[in-house]
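In TrEMBL this protein carries:
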DOMAIN    B:591-655  domain 'CBS'
DOMAIN    B:688-746  domain 'CBS'
TRANSMEM  B:75-99  transmembrane segment
TRANSMEM  B:160-182  transmembrane segment
TRANSMEM  B:202-222  transmembrane segment
TRANSMEM  B:234-250  transmembrane segment
TRANSMEM  B:262-286  transmembrane segment
TRANSMEM  B:339-363  transmembrane segment
TRANSMEM  B:448-471  transmembrane segment
2 protein chains.
Amino acid sequence: KADSVSAATPTEEMNGAGNLMDFLDEPFPDVSTYEDFHTIDWLREKSRDTDRHRKITSKSKESLWELIKSLLDAWSGWVVMLLIGLLSGTLAGVIDLAVDWMTDLKEGVCLSAFWYSHEQCCWTSNETTFDDRDKCPQWQKWAELMTGHAEGAGAYVLNYFLYILWALLFSFLAVSLVRVFAPYACGSGIPEIKTILSGFIIRGYLGKWTLLIKTVTLVLAVSSGLSLGKEGPLVHVACCCGNLFCSLFSKYSKNEGKRREVLSAAAAAGVSVAFGAPIGGVLFSLEEVSYYFPLKTLWRSFFAALVAAFTLRSINPFGNSRLVLFYVEYHTPWYMAELVPFILLGVFGGLWGTLFIRANIAWCRRRKTTQLGKYPVLEVIAVTGITALLAYPNPYTRRSTSELISELFNDCGALESSQLCDYVNNPNMSRPVDDIPDRPAGPGVYNALWQLTLALIFKIVITIFTFGMKIPSGLFIPSMMAYHHHDWIIFKNWCRPGADCVTPGLYAMVGAAACLGGVTRMTVSLVVIMFELTGGLEYIVPLMAAAVTSKWVADAFGKEGIYESHILLNGYPYLDVRDEFTHRTLATDVMRPRRNDPPLAVLTQDSTTVEDVETLIKDTDYNGFPVVVSRESERLIGFVQRRDLTLAIKNARQKQDGVVSSSVVYFTEDAPQLPASNPQPLKLRRILNLSPFTVTDHTPMETVVDIFRKLGLRQCLVTRSGRLLGIITKKDVLRHMAQMMNQDPESIMFN
Amino acid sequence: KADSVSAATPTEEMNGAGNLMDFLDEPFPDVSTYEDFHTIDWLREKSRDTDRHRKITSKSKESLWELIKSLLDAWSGWVVMLLIGLLSGTLAGVIDLAVDWMTDLKEGVCLSAFWYSHEQCCWTSNETTFDDRDKCPQWQKWAELMTGHAEGAGAYVLNYFLYILWALLFSFLAVSLVRVFAPYACGSGIPEIKTILSGFIIRGYLGKWTLLIKTVTLVLAVSSGLSLGKEGPLVHVACCCGNLFCSLFSKYSKNEGKRREVLSAAAAAGVSVAFGAPIGGVLFSLEEVSYYFPLKTLWRSFFAALVAAFTLRSINPFGNSRLVLFYVEYHTPWYMAELVPFILLGVFGGLWGTLFIRANIAWCRRRKTTQLGKYPVLEVIAVTGITALLAYPNPYTRRSTSELISELFNDCGALESSQLCDYVNNPNMSRPVDDIPDRPAGPGVYNALWQLTLALIFKIVITIFTFGMKIPSGLFIPSMMAYHHHDWIIFKNWCRPGADCVTPGLYAMVGAAACLGGVTRMTVSLVVIMFELTGGLEYIVPLMAAAVTSKWVADAFGKEGIYESHILLNGYPYLDVRDEFTHRTLATDVMRPRRNDPPLAVLTQDSTTVEDVETLIKDTDYNGFPVVVSRESERLIGFVQRRDLTLAIKNARQKQDGVVSSSVVYFTEDAPQLPASNPQPLKLRRILNLSPFTVTDHTPMETVVDIFRKLGLRQCLVTRSGRLLGIITKKDVLRHMAQMMNQDPESIMFN
């Protein structure tokens, strides 16, 4: 039969594939395996890695040196994890110290050593009790330093003015650095990292420059007082570290699939240092950012997260040998009845999450589509100015957000100088500290509550405008800020007769968890992070109750969290594992060509000329072409990548005699013997993928979506009883899903 | 063309499928969807659930009642989780209390109330300090009760004798109950649960009877003093609860895929109550037992695990409002230099793990293949007798294992009566308790060490014979037992000068983690479980070091953990996600028919008679048959399940006039109009799966294995350029993998 393909023994085929590897690996430095903004093929990456592994294993039996090399290769994964842990822990420590110092620099300077932060400055001045903390002689506010007057309206205005000036300077520096050196260093980075981990290529997003600039500008942005946190960007920084160390080992640098395993672990390390929660970090990576997370990665992520946490701890940026500023330990139990306010907090968190996502996305869309987006520097300057202007008068917004959270989470001690703890003291001071709620609240408490409410509203509004600006910005901490403190007053009345009473800090923490849950839709990882912050199983039920409620409430208004919304907004080709596809469409409805389209661009196994192929490559931008027996029978024999085809033809034209435009391209096992007068055939079977993925036209789309997700395919061919009918790419799947959800399919932009 | 299949619109097809569902759902009660000891098709289960969901969603718009029903359906998952948590927590509490009482019953009885355990008995007798704990008048040993003499050789012998008698009675009861009522209630159950979760059907393994008998016999077996733990069986018990509650909701009871989601969560709840570690439980389920673990299940598992843990805590079986008997809190830090012994413990753990697995598997194989296996009752009695005989003289083996672990894990307090804490007291008793290591060890300590060493050897040997016997048996606790206490002496010398010293309990815990890691090859979940037991991040590094070392050492000798080894031993069709397939074989090497086999059993779309089909069904035991256009062209159009075929023919012969043996079966869209004299055709397109999974013959087996794993396939058809060549089933894949690893492929027994 003319259209049959003779059988090849496996070894022969495989050797062909082996040669292909050598020949295509780096033939022309300008053609990389995947193009920028394209999707990788997970199955192909995996089988490339298996090939590499097989080669090393078989070589390792040859000599001792090869054996050592194979052992080093096996251990390189752990070495990379160790390095990631060390570097991201160190960077987190440096960032923490720098933010501390620069935040205080907005208010004043340490005379004994200008590189000391307020707290460090007053530590050295040996005379500090808790009350005197704010008044140590070495630390001078700017007004005091410049005019000699520490008090009075003039000094206040001067301090206010300088505070704004510093803030503007920091944010201007930040936005300029980002614009000039590393445009990818802006934003939280988590939506992009999610997309990259799902198999998308964004060159330079995790590069060295991005790492450097993101670290510096993150410090500047947080210090400028903008309503943003360092947690999301820390994940980006850690992933940059991961990418950096990948380049040390060809195992990871040359395989996009293996590289993503390292990046998943790096994300875990990033969350680990951001919250001091290694287990939470691993679960965050598993639940929120990672796509393909084999068990081996779980174990390694945990290792990286632990190393990072302990590196940070040995740097000890907060001087309390804890991993985070707001580590807390509560000792009072909670009561069943308190579940009601916790659930209410959950509802509030869910509503806030929905509101925040909608408002933020609307604002970002406006920024993208209108004139506004053209002046990012101006926008940052304006928002910083407004933030600083409004923040200074309120002591709760003047300070850095993490300091504020730390104060709110903590219980009041008897020695606490905070306004929130300004209860009327009983003369009987021998009573234990836990009894504070028995005392009536002093004027300071009401004052503080009023200020906190204002702070809450201010933060809610300003964060909507801040997230998405062209500087590094994270969401975690601002979200945590939006807690709900009013319950407190209600409960004060309720529990005054009792001896034990509610823990205000616990409410702040539950509120924070609820808001964070509403915004990001994290679940287990959120509870575990909070659990690691408090260090006790006691409060896991309140946290769980709030997190569950918050997610339910928020999900009722829209399934996407903030990161998914930003992915959608940017049109990244992200196939969410959580979306359930429930429509009744079939592969035939999604495949191209559509009804009135021109026929599918295919190659035949033995009747296409080099010129035809070149024309096809020039005229289309497809990533690959199916190869069929003949145009009449349309029986599929394989799939050939555009890149391999381009390279092979380029190569053949340069090196192989007799290959001209009219040469026939053969994908069959053996090319026929042609008379010498005919142009030499070009044999390309070795670049033909003989196992393309196929589904039948009757396959339900839910199965197709499942296959794309689980196997990480780039494209899939559609057949009916052996005949090729069409092709479905990941982009087609995403567009179809968008269409089914009544969204604009054109919003999916990349391949 | 004769062999073409005309296109059908999707809706039309789908309606056909809808009718099929109604018609095949429960047509004949004796034919269930899957047969016992067969593998399920995950993709099919998933698409059935989506169909169900679609039906409910579309109905919910019709009336308020349907809306409520759809809401109930959406919530049923959470309800099931809640019920599982409540029941498994309660059962764990009851088991703990009963084991406590029955273990003490072997030694004596409480006079004031015979249902009190030793500890409860002496609680009520208000006169207990720690020293007097063992001597309260209400509690009488058997000899004292029967003869009036509490001391002396006679009393000792009598107590010894009665101890053995009770033990024999308990274990005889246990083994008899298991044999008579629920043969599946024996063993740890984890290997089988892993297999079931991977998509295998073992009817009755998680049934009501198994639940009841397993709960009762677990108490008996643990109380009899056999070297087994209740942790593995608790997972089995929790899974039985899960299965029980599945039957309340058709969503879960009628869908084997959804049912497995619930079982995964139940396994998490089981570990949660066994160790008081909800997060560890979820990770255990994720890492060790589950196969298909979507994120939704993660969140629900966590919920079930928390509910279970808190139910257990409110039952409070240990009277300390902790979840486990051996909850500990250490306060001394550890030093970098201590990592060396921790790593040595890891090496020991790994070696012990390897040794244990090899010896236990060898013993179990001998039991399976020789006369030994025919006398399970005798075997249990003999092992119990030997255990009791050898255990009684040594105080460390006489008590229940969990009590012993609790003692070993804990630091010595000043008031501790344990021999291990028999340090020579300084006259200066005002020194803090932490300073104990400064004091020289008393004779009791050396005595205790000697006894502990004996206990260690005894436990190691006896556990090998115990695990795998025909009674409920768990491994966790016995593995934990095999810690290493000798370092202790070495370090006593090293640190005597220092003020702070090593924590012996920590060594016991790290050793336990190492041994457990070596035996089960758990990683993250092990560290997290241990972390939740100690409740502090402090000791996570030692635990991690030991766990990593132990796994590496053990993996060097063989990849399989104890559960995988038992799965292999029993020949279950379990496709481990962790095994990397690195061989260069292709689909064509694995598919059937092999070279000299008869051709593949196929049906043709329009030329097979009912009789042919019936003969084919009778002559073969395949689960399904591919349908091709014609025997000449061999172009695949679909796949038909054996069960559907049997049912459809049975149905047609009963209800449809004119269908006789010579009727032609049509799988095409339309059957031709035949003259009335011809037998009526039988149209079976509606039972034809038009989207069978295919790969080409050139697909590397690593890809095929990956597809089987990730999509949970049952079989896959092999084609070359549209022609059907053969079929690969899960069993073929497993046999091929066994062959490649130089194992006997015939050891894979089930389909």
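Including glycine, each Cβ sits where the backbone N, Cα and C put it.
If you look at the transmembrane segment (B:202-222) against the transmembrane segment (B:339-363), you find fewer than three C-beta pairs under 8 angstroms, all six or more positions apart, and that falls short of contact. For the domain 'CBS' (B:688-746), residue counts in helix, strand and coil come to 24 helix, 19 strand, 16 coil, using DSSP. Below 8 angstroms of C-beta separation, residues 102, 105-107, 142-143, 204, 207, 209-210, 212-214, 216-217, 220-221, 223-226, 376-377, 380-381, 383-385, 387-389, 392-393, 398, 469-472 of the same chain, each at least six residues beyond the ends of the transmembrane segment (B:160-182), sit close to that stretch.
Note on the domain 'CBS' (B:591-655): DSSP counts are 24 helix, 17 strand, 24 coil. Averaged across the domain 'CBS' (B:591-655), pLDDT for the predicted model comes to 88.
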